[in-house]
Each structure stands twice: as structure tokens, then as C-alpha cells.
């Protein structure tokens, strides 16, 4: 969809908005758009961002409720406000003002994921050091009188299917770079949680003087390292996109060796690459490339490091 927009003369911003928006409509992987990844109260909320690498403007929404086209709302933040990030119910009110329909994001599928989770004593969840014991029962949780800190599990309990993102980098014929993301976040997240996807430099980053990058995976860990910004800075210094991606993954590995995550990188000359962290059940990362040299969108695969 993004490639078609470019071929028909649309801008790079149009391409990213429409491409990510297509995934929201298609509910890609159950982890983008409405009806997926219900939080602890059973609600689906959306995060998205879009970044213009010419002006360095960013539009983003987080914890967006009742509006399906999150990337579209993010674009409106650039066009009609002086802000960068709008959140929660207030972001929904902004979206309605901008003409987006206010609708329910719940589906039979998200209800069934939620009720199954409740039936499994709310496992897995994202709480720690609370009472009652979050590994055995549902909340409401509170902090104990006396805190005895347990070591955080080194292996994430989260399945590699619990969180994913559509991340996109578009490099136009004129060298303009635009990036974007859209996701419904981590399944069973604590309400109000925002991951890396709508954060500039974390979920994605674009700079038309260097390149663009976008990340996917365990946002709670990845966002601490601003991986997309870091990858673009490596490319600015002349590092090959594949190596830039690998260096970013290696930096995170030092602190969280078992994290689930991957990143795509593209520079202004059209070179691209990707890297991922190797963990059980996730040894390769697949991504799609479209370019004038390819007759059609082509799936590429990299081995995780």
C-alpha cells in the first residue's frame, strides 16, 4: 500500500500513513489496530507515531481509545498542532475534532483473549513486588507493608507473539526520509502503559540527512536505549545499515540478554538492513522491502545475533 502511494505521486508522509493505516485495518498479527492486545481491564488502546525527516516534526498518540486510525491521528498532530504527543482520552477527543469516528475497539477475539486470561488467574502480567502474589492470582494489587524485592526474571515471560508493531521507513526519490509505527501494545498491559512505538527515537526515527529506523519487540526494555535514534546516528557516521542495526541490538544485549526485539535501518542512498536478538523461538527476523530494483514487495530474512 505504501509503495503504491509513492508510485501514484503521494508524499513520503502519505506513504507511511497509508501503509501503517492498512495494517490497522487488517489488524496485522493481532498486534496492530483494534480488537487485539486487550489490557488488564479488557480494553484495546493504540499507540502510533509518524516522523518527517525533513522538518524533524513528529506527531504521536499513545493510549488512544475508541479511535481505530491511530497513525492518521498522529499525522493530524503534526498538521494541526504545535505539539508532538497526545495521550489517552484527550487524544481521542482531539481525533473526534479532526473528524475521526468514535467507535468501540473491542471485538469477540479481544474479549475471548481477556476472559481466557482472567480464567488463568491473570497470567502472565506485568506486576512485581506486590500483594497478592501476582504470579498466582489476579489483583487489585498493592505494595506490601514491607518490600522484599525479588530478582526480576531474566527471561521475559512474554511470548514473542505478545507484542509486535508495524514499523516503516520510507526513503523518497528526492532523499526525503519518513518513518512511522502503529501498535496496540503489549497484551495484558497495565492500563496507561505506553511502550516504545509512539516515542520519537525509540519506536522510530527519521532524518533526511542520514536515514531512518524502526523497532519492534519488548518496548519496555527497548525504549530505554532509544534504538532508532542510535541506529540513525550510526548511519550518519557512515556505518552500513545492517551493522548499525546490529550495534544497536548489541548495546541492549549487555543489559537485557534475553530481550525480544528487532530493528530495521535504511540510509539515504537506499541501502537497508535489519538485526534481531536471538532467543528461544525467535532466531530469524522477517521484513518486507519495496524498491525500484525489485519487481514487487520482497520478504527479506536476517539471522538474529
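Each Cβ is built from the backbone N, Cα and C atoms, and glycine gets one as well.
Annotations in TrEMBL come from automatic prediction, not curation.
Between the listed ranges 110-134, 135-159, 160-184, TrEMBL ties the annotation region 'Disordered' to 135-159. Applying an 8 A CB threshold to same-chain residues 6+ apart, the list for residue 165 (active site, nucleophile) reads 31, 32, 181, 182, 183, 197, 203, 214, 215, 216, 217, 219. Here the binding residues for substrate are 193, 194, 195, 196, 216, 217, 218, 219. Their largest Cα to Cα distance works out to 16 Å.
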